[in-house]
Amino acid sequence: MVRPRKLFAQHWLKSEKALDAIVKAAECSTNDRILEIGPGTGILTRRLLPAVQSLVAVEIDRDLCELLAKQLGKKENFLLLQGDFLTIDLAANLGSFPKFQKPNKVVANIPYNITGPIIEKLLGTISNPNLEPFDSIVLLIQKEVAERLYAKSGSRTFGALSVRVQYLADCEFICDVPASAFHPPPKVDSAVVRLRPRQIEIPVNDPKRLENLVKLGFGAKRKMLRNNLQSVVDRDRLSQLLEQLNINPQARAEDISTQQWVKLANLLGVE
């Protein structure tokens, strides 16, 4: 049996309840082509394989790849790629495997220390969104990060990550997963979330401007927005724009919804 390695922040999920919740949230059908990131020992993989058309798993750990190849390698709808998901060229690696090309769903228990970069690779960014979005992305991640993904404006957890992700996808909380559901147990609790990439309701005219505004706006979270953004717009002018959007001029960054951030960026674009 391969032991979890700290180098790769590995924690094996062992809870049947959590596994059931993940599989249910994925809403798999026999037409689905699944991408799994970090399959580990394959406990989730085994649940998914009978229900889907194909599953491609990307695993960085060579020892785990040997284990998975030995146990699941003969499954016709299973393909294993050894490598770092953040750097691997998925399309190029799948070029010779038509059955596994263009996965339409992601289901994964991902390493918590690289959650942000993984989500960015899956969704893209405000200025460079994924042009071939997945139908859905179901992730088991650190609870604190999960709360930021689906946070509403006005809450203490709403931040720059919330805006960047919610601009590109609908975010839904599925369930909490305690540390005891893993071996070894991590130092934090976890949660399952589902992201559904969608059409942008209010397109931003200048994506780079929006990214810059969000970065500056949340730079000093407890300060009023007109103070954080004074390097790009006069305080009095910003107060006028906020009032035009029915936003309190004394608002802080976390008080403004994703759509309001977009509207503000668009107004500044016609200055």
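Using the three backbone atoms N, Cα and C, a Cβ is placed for every residue, glycine included.
Given the structure is predicted, the values throughout are model-derived calculations rather than measurements.
Checking the candidates G38, G154, G159, G217 against Swiss-Prot: the one annotated together with H11, L13, E59, D84, N109 at the S-adenosyl-L-methionine site is G38. Around L13 (S-adenosyl-L-methionine binding site), the same-chain residues at least 6 positions away in sequence with a Cβ under 8 Å from its Cβ are L19, G40, I43, L44, N109, L140, V177, A181, F182. Among the residues the record lists as binding S-adenosyl-L-methionine, namely H11, L13, G38, E59, D84, N109, the two farthest apart have Cα atoms separated by 20 Å. Among the binding-site residues H11, G38, E59, D84, N109, the residue whose Cβ has the fewest other Cβ atoms within 10 Å is D84.
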